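Worksheet: one structure, shown below.
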Amino acid sequence: MAERGGDGGESERFNPGELRMAQQQALRFRGPAPPPNAVMRGPPPLMRPPPPFGMMRGPPPPPRPPFGRPPFDPNMPPMPPPGGIPPPMGPPHLQRPPFMPPPMSSMPPPPGMMFPPGMPPVTAPGTPALPPTEEIWVENKTPDGKVYYYNARTRESAWTKPDGVKVIQQSELTPMLAAQAQVQAQAQAQAQAQAQAQAQAQAQAQAQAQAQAQAQAQAQAQAQAQAQAQAQAQAQAQAQAQVQAQVQAQVQAQAVGASTPTTSSPAPAVSTSTSSSTPSSTTSTTTTATSVAQTVSTPTTQDQTPSSAVSVATPTVSVSTPAPTATPVQTVPQPHPQTLPPAVPHSVPQPTTAIPAFPPVMVPPFRVPLPGMPIPLPGVAMMQIVSCPYVKTVATTKTGVLPGMAPPIVPMIHPQVAIAASPATLAGATAVSEWTEYKTADGKTYYYNNRTLESTWEKPQELKEKEKLEEKIKEPIKEPSEEPLPMETEEEDPKEEPIKEIKEEPKEEEMTEEEKAAQKAKPVATAPIPGTPWCVVWTGDERVFFYNPTTRLSMWDRPDDLIGRADVDKIIQEPPHKKGMEELKKLRHPTPTMLSIQKWQFSMSAIKEEQELMEEINEDEPVKAKKRKRDDNKDIDSEKEAAMEAEIKAARERAIVPLEARMKQFKDMLLERGVSAFSTWEKELHKIVFDPRYLLLNPKERKQVFDQYVKTRAEEERREKKNKIMQAKEDFKKMMEEAKFNPRATFSEFAAKHAKDSRFKAIEKMKDREALFNEFVAAARKKEKEDSKTRGEKIKSDFFELLSNHHLDSQSRWSKVKDKVESDPRYKAVDSSSMREDLFKQYIEKIAKNLDSEKEKELERQARIEASLREREREVQKARSEQTKEIDREREQHKREEAIQNFKALLSDMVRSSDVSWSDTRRTLRKDHRWESGSLLEREEKEKLFNEHIEALTKKKREHFRQLLDETSAITLTSTWKEVKKIIKEDPRCIKFSSSDRKKQREFEEYIRDKYITAKADFRTLLKETKFITYRSKKLIQESDQHLKDVEKILQNDKRYLVLDCVPEERRKLIVAYVDDLDRRGPPPPPTASEPTRRSTK
């Protein structure tokens, strides 16, 4: 840190609190140095590198049911950074608006978001607390009326009423807390008196600590002087004389110019040193022969966890550590607050009054971590508090930061940072650099600012100037040493580049006005209000608002529950962050004796550093460059290994969790982080890269899910924006309706009156507001005009109704009617008498018109009636004529059918032979009287009926003749007509068939032919029915005729075989042909086989 002028700068480096702490440790621990501890405190917050990619503290845990905590996976490794992308512009916990958690539908905070084990919420200084031995639960309600219960001390909440505890109402807490406020005020007064007594005791112990420090420093200087080589003694003596002269001049200049602040004064002479050793050896801090220091060792017991190494110039606390991988960083010890209990194993010390309790999702002052985040307390091994009933100790990285933790901007307790300057910084007296150079996985170089937390690809101007200064310093000492380097016990400084002092003013100039305003508007401190779910929050611009973690509600005005409470006023008047700063300022004012001691210590430490500078100049520069390069490569390799380890771990988890669930969680992360749908992947990456859900998908799947999210979210954002605009317009219209202003008012008058209304401000553009106003005014004027018109019509209709009640006619006079109706309110509703008379005349005219129109309507009605009657008559006549025609048609049809029946009866009686003709028969039929009954029939119809009668007679005779032939058993298939004629000629059926013998013969031959065809078909059927004949029959017949005889013997039992006895040759041909056909077909298919015609063609 830069000196702020004279003694004030020295007092910052060494204050009474530090000496007091060193003295207490010296009195407490009288044994050797404690055993080494690999877990050590990291460098100061401003000297830490940027957080690795993919590692962040994470968002607040999601809502969980009461009394539940999520499982913790101790095997979860730190998430590695993605390759090729610099760190984001700010820590993850500052990338969202403060105190703006997502809506939880008015639910109380789940217990999982309460403070972790070992860190109970405590009250702010001066606020009343509840009885520590009594567990009290408070019944409260959410805005929507749901009842829930919360612990008045731990803020733990539940939906169900707890058993076995005291439950009170919210209103009962106020008198209880008011009574306890007085008791606590007395306790505070006693605590202040004790603190003053302790301060006096510590001041007395400072002199003893200084004397011990001088004795130890002299002993170490003598031991080191004897170990130095004789060849280097003269060179070091000469260099020491030169350095002492320079240091004395600097000390005198500082003493003379104490009142003139400088920005380029040397850094405080507080250095860090490390030594290399095997895993079994230890690392200890050493000083040169001219340095004066006092070593105070802190032993540890078997039950205690070794604390981190802390070393200062005066007094120096030296701790031996094995730490093969961790580099011990020496810092000035901080005095523990009065209320800070000592550290015990497996616990994190928490102040009871110095650090207030905080609601979930709020950034506490001094970066008090939330559950799952490390607590960087000075002098205490870093531990990670997880959401389960145990504390896990986590090893720190080389930078002293826990894996996955972003560097905090403000330390919890302001430490006096001891910065070891390199030779270049001592020679140039430059400030600590804000920028640090890093490399991505693919080798690209980027630069990170430790203060503003921003990163850039281009090299900052500050680093360019620093490199130029280093080159100028190295120019006169570029002669390489050819002599072999002697073996040394101390390890060279592993720093990559000289560290400059911190410059405050240039950093402030780099920030823009908007960034400064945003920085000031962020919350810096908070204090809970006992007995209520509300907390008081202070911002950087000295503003105060109230936050309810139960309902996730923030408001500038004081809630109704807190109005009239004196303890709330006291909390607001005494901000905890300001009180802590005042106490820190008091500790920084030293006594005159201390200033003289500090000046002497500063001169001795400066001589030591100058001697180390001369030794380092004589060393081989190429060797240092190689070592620095190896260290850089080791850092890069370690980062790559961490990234690969995290990727492997994430790949294992991806193999367990289904892709759909991982994609859903990734989309939820994009939505929670406020990723814009109208931006690119590269611009939005810094919002999500530190979220643990970022590694749920591989790079390709992340890009695909992001593209899908952008497509869907873009439409949703447009819809939300449109709905928001519509809602704002509706609210603006509602505001104008509630205003009830005159429609003739101007927009300027309206805007001046309602400019402070939130609904007025919701419409961003003044042009849109004026357009909505003009539209509303136009609608109001139109409505007013319509109302006026409607009101006039109503008055007119009421006046006409009044006149109609008096049964006026066209002969009525206004002078007579006026006297009858002037007392009626409907008469008075008309404004003027002239308008009343005009309305009367209109009514009389209307009556006259109504009379004329009624007469016309009556005439028209009569004409319509007559026309309808005539039309009906025509329709009736038409229907009647159609019915008559139908009846006549049916009558004629009936007569025709009757005539046909009579004619057929006549033909049946008169025509008995089928050999007669129509011409001959017609003469005979004419003589019968029934001939006249068929007069309705035409000649062609009569002839047609005659031919049908003759065909029926012929068919009947033929059937009888064939029946005769069937009954004649002597007839065979080979019989002739001559043979048969002799047999049947005497039968009446043969005689009636026909008188022509040729006709009978032709009919007989046709009968024999039909019978022969039928006999052959029946015989084929018989062969198919005979199972004895198979496809093997032909082969058997060829071998022997006996098989054929057997077949014939079997067939002889059937009549169908015997019918063909007259043609045995033809019968045998049929048998042989059937056997050949079976042989050609071969074996029959199985019963389950389909027929060839039904087989599939596929």
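For all residues, glycine too, the Cβ spot is worked out from N, Cα and C.
For the domain 'WW 1' (131-164), the model's average pLDDT works out to 81. Annotation source Swiss-Prot lists domain 'WW 1' at 131-164.
Mapped onto DSSP classes, the domain 'FF 1' (659-712) shows 41 helix, 0 strand, 13 coil. The annotation domain 'FF 1' is assigned in Swiss-Prot to 659-712.
The annotation domain 'FF 2' is assigned in Swiss-Prot to 725-779. For the domain 'FF 2' (725-779), the number of residues in each DSSP class (helix H, G, I; strand E, B; coil) is 42 helix, 0 strand, 13 coil.
Residues annotated as motif 'Nuclear localization signal' in Swiss-Prot: 626-630.
With DSSP states grouped into helix (H, G, I), strand (E, B) and coil, the domain 'WW 1' (131-164) comes out at 0 helix, 13 strand, 21 coil.
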